[in-house]
Structures are given as C-alpha cells and as structure tokens.
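Student: Before I ask anything, here is the structure I am working with.
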Amino acid sequence: MAIIEEEEEEESLLDHLPKTYTKGGLKTMPFIIVNETLEKVASYGLQPNMVIYLMKVYNLEIVTATSLLSMWSALSHGLALLGAFVSDSFLGRFTVVAIGSISSLLGMTILWLTTMVPQLRPSRCDHFEINECNRPTPAQLLVLLFSFGTIALGAGFVRPCSIAFGADQLDNKENPNNKRIMESYFNWYYATIGMSTLVATTLIVYIQDAFGWQIGFGIPAILMFFSVSAFLLGSSMYIKVSASESLFTGFFQVLVASVRKRNIDLHSVNCEDYYHQSSDSEIQAFTSSFRCLNKSCIIEDPERDINPDGFASNPWRLCSVEQVVSLKSLLRVVPMWSSNIMVQLSLNQFSFATLQTKTMDRHIFSDFEIPAGSFSVFMVITLVIWIAFYDRALVPIKARYTGQPGGLSPVLRMGIGLVLSAAAMVLSAITEGIRRGIAIDQKEPQDGPNINMSAMWFVPQYVLLGLADAFNAIGLVEFLYSELPKSMSSFVVAIFTLGMSVSGFFGSALVNVVDIVTSYGGGVSWLSSNINNGHLDYYYWLLAFLNVVNFLHFLLIICRYNRHEQEVKEKQCEYSTQRA
C-alpha cells in the first residue's frame with residue numbers, strides 16, 4: 001500500500017508540470033541518483049582496505065601508505081572546488097559530471113589492472129619486515145598514482161555538481177508543488193548517500209577480504225561502468241543549464257579592484273559613492289573588518305565607471321556592494337570553519353584503525369567475523385541514529401519545555417562536536433595502549449594469530465566519532481548557511497569540502513613529521529609498520545592534545561564572533577539611516 005501511495009503521489013506531482021515541460025522532471029532522477037550512488041559505493045569501497053593493499057602488495061611502509069592515502073583524500077575533496085568552478089564558469093554541470101564519471105571509471109579500471117598484471121606491481125614478499133621486500137619501481141608507482149589521481153579528479157567533478165544537476169531537473173518555479181518536490185529530492189539524495197556508504201564499508205570490504213583483490217577491486221570498477229552508462233543513457237532527457245559567471249570570478253574581481261584603488265581615502269566616502277548592482281538590492285552594511293576591500297566598489301567617475309544600463313563598465317575595476325559583502329562574509333567565517341579541520345583529521349584515522357583491528361578478535365558469531373575495514377560502519381550508524389533522534393525527539397522536547405522552536409544553536413553543536421572529537425582520541429589512545437600491551441605479553445607478531453582481545457573495544461571510539469561528526473559537521477553547515485548571503489548558499493558545500501581537503505594535507509604532513517621526529521637517532525618510530533613495536537597510542541595522545549588546543553582556539557573565535565555580531569547590528573542601523 002505504501003508503494004502504491006508513493007507512486008500516486010509521484011504521478012500527482014508530475015501532473016502539475018507544464019505540458020510543454022518535456023525535459024527534466026522526476027523521470028531523470030533514476031539516472032542521476034544511480035550515477036551518484038554507484039560512484040560512491042565504488043570509490044568508498046576502495047578506501048578502507050587500501051592501506052593493507054599498499055603494504056601487502058606494494059610493500060610500502062605504513063607512514064608512506066597512510067601519507068599517500070591522506071593526500072589522495074585531500075586531492076579528492078580539494079578538486080571539488082575545481083569541479084564547481086569549471087562547471088559554473090565554462091562547461092556546465094552535465095559535461096563536468098560526465099567527465100568526472102569517465103575519469104573515475106578509468107582510474108578504477110587501472111587500479112583493477114594492478115591486481116591482475118604482475119608487471120604493474122612489485123614481486124610478492126613473504127617476509128614480515130617490509131625493509132626486506134622489493135620496492136615498487138618508478139613506473140609501477142606512476143601507474144598507481146595515476147589511478148589515484150584520475151579517481152580523485154572524477155570524485156572532485158562528480159560530487160559537487162551531481163546534486164546541483166539533479167536540482168536543475170526539478171526546479172520549476174511554475175509548479176505549485178516545486179518546494180515539496182525539491183525537499184523530497186534532497187531527502188532521497190542524502191538517504192542514498194548514507195546507504196551507499198553502508199554498502200561500501202560492509203559488502204565491498206567483505207568481498208575484498210573473502211575473495212581477494214582482483215574481485216574486490218573489480219566489482220567497484222564494474223559498478224562505476226554502470227554508473228557512467230546510467231548517466232549517459234538519460235542524456236536526451238536532461239535539462240542542461242549553460243555555464244555562467246562563477247562566484248570565484250567575483251571574488252577575484254573584488255581583490256583586483258581593491259588593489260587598483262588602494263590609494264583611495266575611505267574616510268571621505270559616503271554611502272552614496274558605493275556601487276549597488278541594482279536599485280532594489282538589499283541594504284548591506286560595511287563593518288570595520290577588511291575595510292580595504294570597500295575600495296573596490298567606490299564609484300570614482302560615474303560616466304566612466306557605469307554603463308547606461310546601470311552595470312559596471314569594467315567589473316575588474318568597479319565591483320558591487322553585494323560582491324564585497326559576499327567576500328567579506330566568506331573571510332569572516334574562515335576562523336570558525338578552520339576549527340572543523342581537527343575533527344576531520346580525527347575522523348580520517350581509518351588506516352591505522354584497520355591495522356589495529358586486523359590483529360584482534362573480530363568475531364561476532366563463531367563462524368563470522370567483521371572485516372577489519374568495516375568498523376567505520378559503527379560511526380555511520382551512530383550518525384544516522386543521532387540525526388533521527390535529534391530531529392524527531394530532542395528538538396520537539398526542547399521546543400515544548402522552552403517555548404522556542406528549533407534545536408541547539410549551530411555554534412553550541414560545533415563546540416560539543418569538538419569536545420567529543422577530543423574524547424574519541426583519548427579513548428583511542430587508551431584502547432591502543434591496552435591492545436599493544438596484550439600483544440607484547442602474548443609475543444604475537446603483527447601478522448600472527450589474533451591477540452586475545454575483542455575488536456569490539458574499538459566500537460565506543462567510533463560511536464564518539466560519529467557523534468562528533470553529527471554535532472560539528474552539521475552545526476558548521478548550518479552556521480555557514482546562516483552567515484553567508486543567500487547568493488552563496490550553493491558555495492557552502494564547496495567550503496565544507498575544502499576543510500576535508502585541508503585536513504587530508506595536514507594529516508599527511510603530521511604523519512611524516514611524527515615519523516621523522518620519533519625515529520631520529522635510530523629509534524623505533526611511533527608509526528612503525530609493525531604496530532606492536534611502534535606507539536600508536538602516543539600518536540593518538542598527540543591528536544587528543546591537538547583537539548584540546550583546537551577547542552581553546554574555538555572559544556577565542558566565539559568571543560571575537562560575538563563582538564563582531566554586535567558591531568554588525570550597530571553598523572546596519574547606522575547604514576540604514578544614512579540611505580534613508
């Protein structure tokens with residue numbers, strides 16, 4: 001009955017579409033969502049066990065492998081900005097998603113070939129000590145890095161544009177049910193992302209463990225082939241919005257114009273001297289922060305600077321107030337945004353955790369054990385359960401007893417997330433200390449039998465990390481939406497993704513620095529490839545300390561943010577009076 005009701009609802013929504021509306025609509029959703037879903041299953045399914053593949057097959061040290069994977073993650077997220085820029089300014093979303101999907105398919109196919117063609121990887125090593133094994137040749141390493149690079153390029157092009165491309169198909173202002181359709185689309189889109197992550201971290205990882213690398217890497221490549229095919233199959237039905245000017249271009253124009261007008265004295269300028277792109281533009285106030293940028297929208301010569309149609313004759317010399325306010329808003333949220341980097345770094349310790357749980361007893365039942373790379377599923381499950389509980393139970397309870405609608409403030413949730421992230425790293429350090437002690441007492445090598453300790457002891461730290469992500473990440477996104485102008489709402493995802501990229505680069509640098517410093521003078525590195533000889537627990541204590549420092553940094557940001565909010569209110573009132 002539920003399925004019939006959903007089909008009837010979908011038909012009723014389609015009936016409201018204009019009869020001439022031949023392209024786009026709900027009929028395109030299967031192609032777009034299948035493309036994004038399979039891309040995520042394929043790419044996310046490769047990540048959990050990749051550190052084992054690099055160490056076992058390519059004979060890389062743990063530091064080299066984790067550093068490489070951190071850089072891969074950083075590149076995947078960082079290229080999202082490039083994908084968004086190319087899509088908005090040059091090629092349009094359809095072309096960018098198509099290029100990204102094909103790029104991912106190429107990269108996964110090459111990675112699959114490294115499991116089947118012996119010449120593409122080093123010779124097999126039966127020794128435990130990696131130092132005694134053959135290293136990959138430059139050519140073999142180049143093939144591996146090329147596959148990682150093309151997969152990263154594909155992810156960077158598909159992920160920021162796919163959701164917007166789907167919205168293009170449904171966003172029909174003439175439809176009275178347009179808002180309802182868009183809400184349904186976003187709900188289903190994010191639901192499929194969650195399901196994709198669960199499938200990737202459970203089924204794909206299990207296949208890799210049970211059937212080997214050839215089948216384990218072959219299935220993601222095949223799924224990516226179906227992803228590309230599904231997307232291209234619906235090509236004739238898509239609405240393909242042409243590229244237009246990007247926000248990135250507007251930001252660069254403000255910077256260039258400010259430099260050109262650096263000698264202007266701001267003290268002699270009135271609000272009438274500022275250029276507004278339209279007469280009905282929203283009243284916006286200039287604060288004392290980044291005052292040098294105000295110069296970019298000062299009209300020096302009206303006849304030279306303004307065209308008869310009211311637009312700037314040279315946008316690289318005269319910008320609008322709206323452009324300046326947008327850039328200032330972006331710069332103002334950078335400190336708060338930066339506090340999320342340490343949380344993302346804590347979330348990305350899967351490579352070490354995979355090696356830790358691999359040495360432990362992972363059995364749930366006597367004949368079934370959880371794959372070492374699948375323990376992150378507990379973090380995803382925690383995230384989903386908490387979001388549902390918060391939205392459906394906690395928020396209504398709070399509204400009932402306080403009389404105020406809505407949940408906890410975004411800033412408060414971000415702070416709670418930072419505390420939980422630090423607590424998760426403390427728990428990780430304690431758990432690893434216990435695990436290492438048991439392994440040494442049993443005198444078990446890293447590749448030996450499981451130590452007498454259940455891997456379920458790692459579940460609490462994943463639960464804390466899931467809660468940290470739910471509080472901090474969602475709080476940050478809501479904060480960005482509330483602080484940035486409406487014209488920049490589509491930019492929020494790109495800003496958040498950039499934080500994940502920065503955390504990847506920082507994580508790679510941190511791992512290398514820790515390895516160099518702790519192995520100085522011939523000592524055993526904390527991050528030794530034999531984790532029983534190293535001290536991962538010390539590394540986790542270091543991350544816990546950095547999380548505490550990050551929380552103190554966050555408190556300072558809040559104090560400054562509150563002062564700035566008061567200044568904005570005062571300036572807004574003063575500026576409104578001037579314009580009146």
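Note that Cβ sites are derived from N, Cα and C of the backbone, with glycine treated the same way.
All TrEMBL annotations are machine predictions without curation.
Okay, these came from TrEMBL:
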- 62-82: transmembrane segment (TRANSMEM)
- 94-114: transmembrane segment (TRANSMEM)
- 141-167: transmembrane segment (TRANSMEM)
- 188-207: transmembrane segment (TRANSMEM)
- 213-233: transmembrane segment (TRANSMEM)
- 370-390: transmembrane segment (TRANSMEM)
- 411-430: transmembrane segment (TRANSMEM)
- 493-518: transmembrane segment (TRANSMEM)
- 538-559: transmembrane segment (TRANSMEM)
Student: Return yes if the transmembrane segment (62-82) and the transmembrane segment (493-518) have at least 3 CB pairs under 8 Å (sequence gap of 6 or more), otherwise no.
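Tutor: Output yes: the transmembrane segment (62-82) sits against the transmembrane segment (493-518).
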Student: Counting only residues 6 or more past its boundaries, what in the same chain has a CB within less than 8 Å of a CB in the transmembrane segment (538-559)?
Tutor: 335-336, 339, 341-343, 345-346, 349, 352, 411, 414-415, 418-419, 421-422, 425-426, 428-429, 432, 514, 518, 526-527
Student: If we skip the immediate neighbours and take only residues 6+ beyond the ends of the transmembrane segment (493-518), which ones have a Cβ under 8 Å from one of its Cβ atoms?
Tutor: 63, 66-68, 70-78, 80-81, 84, 159-160, 163, 330, 333, 337-338, 340-342, 344-345, 348, 473, 476-477, 480, 524-527, 535, 538-539, 542
Student: Six or more residues beyond either end and a Cβ under 8 Å away: which residues meet both conditions relative to the transmembrane segment (188-207)?
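Tutor: Result: 29, 33, 36-38, 40-46, 48-49, 163, 166, 215-216, 219-220, 371, 373-374, 376-377, 380-381, 384.
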Student: Where, among 94-114, 141-167, 370-390, do we find the most CB pairs under 8 A to the transmembrane segment (213-233)?
Tutor: 94-114
Student: Mind checking which residues reach the transmembrane segment (94-114)? Cβ under 8 Å, same chain, six or more beyond either end.
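Tutor: That would be 35, 39, 42-43, 46, 57, 83, 86-87, 120-121, 143-144, 146-158, 161-162, 165, 214, 217-218, 220-221, 224-225, 227-228, 231-232, 235, 238, 240.
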